[in-house]
Each structure stands twice: as C-alpha cells, then as structure tokens.
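These features come from Swiss-Prot:
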- D11, K34, 61-70, T117, R179, Q188, 208-209: substrate binding site (BINDING)
- K63: active site, proton donor (ACT_SITE)
Amino acid sequence: MREQRPIIALDFPDFDTLKDFLNQFPKDEALYVKIGMELYYAVGPEIVRYVKSLGHSVFLDLKLHDIPNTVKSTMKVLAKMGIDMTTVQAAGGVEMLEAAREGLGDDPILIAVTQLTSTSEEQMREDQNIQTTLTESVLHYAKRTALAKLDGVVCSAHEVEAIKSVTSKDFLCLTPGIRPKGTDIGDQKRVMTPQEAKAIGSDFIVVGRPITQAPDPLAAYHAIKADWNA
C-alpha cells in the first residue's frame, strides 16, 4: 500500500522562493511535493536533488509527450534522480506509454494525464476536435493507460469512480483541483474538497495555492491533511 499524503504543488518561479517556502516546515515534516515545468526548467535537476536531500518525496510533473524512443530515454534520466512519481500525456498512445514505463522502471509511480482539470467539454470539442463527452474521453485514456501497465492517471475527482470501474480498484487516481471549503477555485473548473475527494476514491490529491499562498502554510497544510484523513 503506497502512503497517501496530500501533495503540495510547488509552483514557484525560482529556487530561492522554494527554499523560503520549505523553510517554514519543521525538518522532520516529510512532505510529498510536486515540481512542475516552470520550476524544473528554471532550475534543472538540482531542484530535485535538493528537495530529496531534505527527506521529501518528489512528484516531477513534466507531462512528457514525444516519440516513444525519446520518452523512454528521458525516463531513464529521470529515474536516476530518484523521483517518486512522474507524468506523461495519455494522448501519446499506448506505444509511448509502454516506452515510458520501460525507461522509468517499475518503482517510481508513473501516471498519465487524461484531460486537464482546466479543460471544459466545449474546449475539448473545439480545440482538440474530440466529439465525445469529457467523461468518455477521460475513460478512454484511462483504459489505454491501464493497458500500457502504468500505475494510474491524473483526473478530476468527479471521474474517479468511473475510472476505477473500467480499470481496477488498484488503478491510482491523482486529483488536482482540490480546494478547502470557502476558498477561490482559481482556474480549476472541476474541483472538490480533500475530504470529498478521499470519500469518492482519490488515491492522491494535489493542492497548491491554498497552501503556498496561505498566511501560515504549515497550518494550512495540516488543516488540509486533517481533512484528507478525516
């Protein structure tokens, strides 16, 4: 059973901002953090090594989407960093997903992005020319991801039950778009609270601004963690 902790999205522009944020947490507070494209491209692999040296788990969210051989080679590089989780785009197809799994190895969690939580059904149809419902598109990508033997998908909490019904109960569902009650939903169109997401079957949740922009990030994190574990 993989440990399930709320993942903090460290969507910062530079190394110093990240250090200042993490310094607000006790040294023995083991976190699970997400490092996205902005921070990784600004700092490079050093950012992963630094966060791992503090004893934290790292979800490196790069959403790789390229030809299978390139993705496989890139995953081999990421595996050497000691990351705990990373992402690819499900739209890359089964061959690319299988190549990603082979390159990364079996230990780190490998999940695929289905449809971004900022995507509406109208946007999907107009911009991606996918003429199904949003849920049908997500379920299609989830089934293809399971076929490629990845660990799970990134999805809205609203889609978790349906995804597990067409894959398996052990197929991981990581859900962004999580907001504590009474907070601004920002640019996320499909959101839930931590407790609601846990109740519906989410295995991991990702929370950013409600923690990183809180007056007291440590207190905000503990409140969200308590809600998740309630």
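Each Cβ is built from the backbone N, Cα and C atoms, and glycine gets one as well.
DSSP gives P68 (substrate binding site) a helix state. Highest local Cβ density among the recorded positions L62, K63, T117 belongs to T117, counted as other Cβ atoms within 10 Å over all protein chains shown.
Contacts of P68 (substrate binding site) defined by a Cβ separation under 8 A and a same-chain sequence distance of 6+ are given as E95, M96, E98, A99, in order along the sequence. A simple way to gauge crowding: the CB of D11 (substrate binding site) has 18 other CB atoms within 10 angstroms, across all the protein chains here. A distance of 15 Å separates the Cα atom of D11 (substrate binding site) from that of K63 (active site, proton donor). For G208 (substrate binding site), the number of other Cβ atoms no farther than 10 Å from its own Cβ, over all displayed protein chains, is 20.
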